[in-house]
Amino acid sequence: VKGAAWATLAAQYVSAAVFFRVLTSRRMLPLTWGDWRLPTGAEMRQICSISGMLLLGSLCRMGVYTMMTMTALKIGALTMAAHQVALQIFWTLTYFVDPLFVAATSFIARDHGRRPERVRRMAWLLLRLSVGVGAFIALVCYLIPTYAAGTFTTDATLATMIGSIAPLMGTAQLVSAVVLVAEGVLIGCGDLRYLLNVHCVNFFGLGALLWWVRHSGLGLRGIWIAVLANQLLRLTQHAAHVWRGGGPDLLDRATKAGAGDGG
């Protein structure tokens with residue numbers, strides 16, 4: 001464990017150094033110490049306004065997964081072990097969606113407010129790609145627990161428990177891919193306040209669901225029903241938000257309204 005901790009620490013410092021080198025080579029950061037300055041009060045307020053909402057939203061989002069782990073621990077050691085293996089498989093595969101998330105936050109933010117048609121096309125493209133990538137990693141997420149659970153444990157009971165939730169893991173993985181890219185699109189559109197509200201509400205809602213799971217005797221399956229419910233809830237909320245006019249104009253209402261006025 002100590003070696004893994006040191007390796008993680010070293011990786012973080014190396015990554016920071018590489019990022020710093022790339023940004024300075026592109027002249028996005030000052031090359032000399034004398035060119036650095038402290039941000040002004042107005043700049044700090046803007047930075048804190050944006051980063052504060054992102055931070056609080058992330059804390060609520062990750063808090064949901066922490067509550068899932070705590071629920072598994074309360075149920076029993078075997079459930080906790082199976083959940084940790086399943087969650088590690090799930091989280092590892094989500095990294096395949098990260099490039100689409102980054103593309104959404106970057107490209108949508110660049111054109112939002114200036115080129116609505118390009119934003120609409122880009123958002124649809126990214127969402128379609130998220131479905132394709134999500135379907136692939138969902139299949140992998142199903143196959144690994146079903147046929148390769150022995151890679152992570154020599155305990156037959158534990159392997160069986162992990163395999164029993166494979167359908168839930170795969171389905172949650174597919175929905176998660178679409179949700180992650182959708183949230184990248186919404187971040188690019190500047191809908192940070194909406195996302196903050198959603199994550200805060202969901203934190204308490206999922207907390208109540210997990211409390212029920214713990215006391216209902218559903219065990220590991222109940223926890224992963226909560227994982228899937230979390231993703232489905234976020235997807236439904238984002239779809240409703242876009243339907244009400246938030247985010248990008250995916251339905252091209254502006255063009256249709258203009259055509260109607262012209263007629």
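Glycine residues also receive a Cβ, built from the backbone N, Cα and C atoms like all the rest.
Copied over from TrEMBL, here are the features:
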- 6-23: transmembrane segment (TRANSMEM)
- 47-68: transmembrane segment (TRANSMEM)
- 88-110: transmembrane segment (TRANSMEM)
- 122-145: transmembrane segment (TRANSMEM)
- 157-182: transmembrane segment (TRANSMEM)
- 194-212: transmembrane segment (TRANSMEM)
For the transmembrane segment (194-212): best-contacting stretch of 6-23, 47-68, 88-110, 122-145, 157-182, by Cβ pairs under 8 Å: 47-68
Residues of the parent chain within Cβ reach of the transmembrane segment (122-145), under 8 Å, 6 or more residues beyond its termini: 86, 89-90, 93-94, 96-97, 100, 103-104, 107-108, 111, 151, 162-163, 165-167, 169-171, 173-178, 180-182, 184-185, 247-248, 250
Intrachain residues whose Cβ lies under 8 Å of the transmembrane segment (157-182), provided they are six or more past its termini: 78-79, 81-82, 85-86, 89-90, 93-94, 97-98, 100-101, 104, 126-127, 129-131, 133-135, 137-139, 141-146, 149-150, 220-221, 224-225, 227-228, 231-232, 234-235, 238
Surrounding residues of the transmembrane segment (88-110) on its own chain - C-beta under 8 Å, 6+ positions past either end: 119, 122-123, 126, 129-130, 133-134, 136-137, 140-141, 144-145, 152, 169, 172-173, 176-177, 180-181, 183-185, 187-190, 227, 248
